Amino acid sequence: MGIVALILIKAAMSLILSSFPLFRSSRSSPASASLAGSGLPKTTPPKTASLQSHSPMFEETKGRIAKLFKKNEVCISTYDTAWVGMVPSPFSSDQPCFPDSLFWLLDNQCPDGSWAQPHHHSHSHSPSLLNKDVLSSTLASILALHKWGLGQHHIAKGLHFLELNFASATDNSQITPLGFDIVFPAMLDHAADLSLNLRLDPTTLNDLMNRRDLELQRCTENGSAETEVYMAYIGEGMGKLHDWESVMKYQRKNGSLFNSPSTTAAAFIALRNSDCLNYLYSALNKFGSAVPAVYPLDIYSQLCIVDNLERLGISRFFSTEIQSVLDETYRCWLQGDEEIIMDASTCGLAFRTLRMNGYKVTSDSFIKVVQDCFSSPGHMRDVNTTLELYRASELMLYPHEIELEKQNSRLRSLLEQELSGGSIQSSQLNAEVKQALDYPFYAALDRMVKKKTIEHYNIDDSRILKTSFRLPSFGNKDLLSLSVQDYNRCQAIHREELREFDRWFVENRLDELEFARHKSAYYYCYFAAAATFFAPELSDARMSWAKNALMTTMVDDLFDVTGSVEEMKNLIQLVELWDVDVSTECCSHKVQILFSALKRTICEVGDRAHQLQGRSIRSHIIVIWLDLLHSMMKEVEWTRDKFVPTMDEYVSNAHVSFALGPIVLPALYLVGPKLSEEMVNHSEYHNLFKLMSMCGRLMNDIRGYEREHDDGKLNAMSLYIMNNGGEITPEVAILEIKSWNDRHRRDLLRLVLEEKSVIPKACKDLFWHMCSVVHLFYNKDDGFWSQELIEVVNQVIHQPILLNHF
């Protein structure tokens, strides 16, 4: 029958039993005693009362993060500022147009003679990987000052730094900025023409020049649109060979070339284009005497804050600020703002964030950006950009988005090549890429992803184009601190809930049942809830989910493995009658315990829901359970009678018998919004349930085909093969069933994200959470194998995050 709890349990129960404990309860029993002894770390969570409010430090950190939305700060680029400093006055070629930029260079040289920025120096224990960027910035600054006869002492110190650190120019362990192998040698040639005396290691210099020649040869022979744009982007490194007139076709409405101050400055030096000059004036008017590596970058900067908050699990504290950013981004998207549609990272991030937050954005603009990326300046050489585009391309909602699916495959291949080739120099980024490839967004539990994101959070994070740059949300210690505090706070609550769950299990005598040998079952049932909707205020919903999940597991065992037909019918009759004397009406000890526990659980959940909803919903929960029991009984009868249903008959029953109804539907009443009787009778409610359940059912049928075929049971796989005359192979059938599942999953996500909806968004989210659960455990061909699951559960429930680990 395959239900979500069994997905978690049955694959390798012996291994699970040997690896997991459950907490001791006040009532000692053989079951609870055996659950207590394991290798999991023992933790004592703080008392619940202490978890109800945040510390002053927590609130202060929130306040500082909220201010990020108002600043739009970016780090200054020495490299780009130096190129702006080289720009001559439009009125006199002998005078600098932007003398303040030159004064900034004079004021910002480092004691070692370089023009490094703070982010060039590692804040972790690992050495900096940005030395090539520092070399470029330093040499560009020297050239700018020398051009106008300024800072002879600064120039001498800078030249000395270059001589001492020149070996980094060919160090393959260093991160190479885009175009470095062309631009840096070109600047060295220019320095030689100016008789700047650089005593450089000849071996390293020859190696560097050979790299330049090979890169230029490759670009010349390639002749593709990608290469043409790439060469335009690094135009300042092409010198007199460059046809600047042809480059101007890439000029944007704001006058820039690629929103790059350095490229735009070089273009003005060559052509005296007034729009280029106006762009540079605009940048300096905004930032003062120095410029960033990319301008404008406001939309991307704001979206990065939103994305970091969401991925770190703390977005719920900034809902007002986030809503404002999303509304403004959507307005810019509809207007075709160049800051979005002309920048791959911004477009990918905007598309993903807007679509996942319910804004109606078509994939057309995004697809064009992805296609253009292969003819854009090095975007596919930037792993961060490729990863962002890949994440966005996963969000396929409509049947006609075939091109989006193609681009998703293409981007996935690129990331796989980067991963297998070992070319990702940042260990954090490498882990992030691996996580994205291993677990699609629809097959990753929220808490698992949040923990990984926190662990991969890089306090030295920066982006690399021609030069490196940072944003306020990159490596922000406040974001890291708040996310760790919140994660550990929620985790402590989850551990306390698990203790309560343990008591409930024993108090309901479920440990006495023979199939309770699967002691770890309830551990996993709770984990699925805590790992998907984690907020402290959702405690009642988590407990309802977990308890009903465990009950469905045990009922499924009765119908699928251990029970007699008499016991099955007796249990159904007891639920239908409800008010019965269990001492006389139950046909077995097993049924008595099951029914008593089920009744108590339904009443308990119903009472909690009554308090929130202001009306009784107990009868609805009973109906949900009866629907499941009748569907399970029908499958037993089909197998007994060797009845072959039509596919429609099978689907009609099988989506109910997959047993997600009692887990998800009662919990909807406990997440906050009011659910009226009209809502739960609406077609949208039933569509959400069916789509979610069919995803699980189809994946289960693929995985369980051989076993159920051997047991004489039918499922979607066997019916599909039969309906095709038995002439297709199981491998072909698997591909078809997987395509059905893909359609159901996309339809479900589209319905969940639909803004104009009958069912409240908080309730719809639970359907998607469960869909993610079942996809996770069927994500890999061999299933989410038990040892891996053990490790994930251990991390999510038991291992707090320690800040000193980062």
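Note that Cβ sites are derived from N, Cα and C of the backbone, with glycine treated the same way.
Here Swiss-Prot flags D556, D560 as Mg(2+) 2 binding site, drawing on similarity to another entry. Taken from Swiss-Prot, the feature Mg(2+) 1 binding site applies to D556, D560, supported by similarity to another entry. Under the heading Mg(2+) 3 binding site, Swiss-Prot lists N700, E708. The compositional bias 'Polar residues' feature in Swiss-Prot is assigned to 45-55. The region 'Disordered' annotation in Swiss-Prot covers 33-56. The motif 'DDXXD motif' annotation in Swiss-Prot covers 556-560. Taken from Swiss-Prot, the feature transit peptide applies to 1-75, supported by sequence analysis.
For the motif 'DDXXD motif' (556-560), the mean pLDDT of the prediction comes to 91.
One residue stands out among the binding-site residues D556, D560, E708 for having the most other Cβ atoms within 10 Å of its Cβ: D556. The two recorded residues, D560 (Mg(2+) 2 binding site) and E708 (Mg(2+) 3 binding site), have Cα atoms 11 Å apart. On a Cα basis, N700 (Mg(2+) 3 binding site) lies 14 Å away from D556 (Mg(2+) 2 binding site). Reduced to three states, the DSSP call for D556 (Mg(2+) 2 binding site) is helix.
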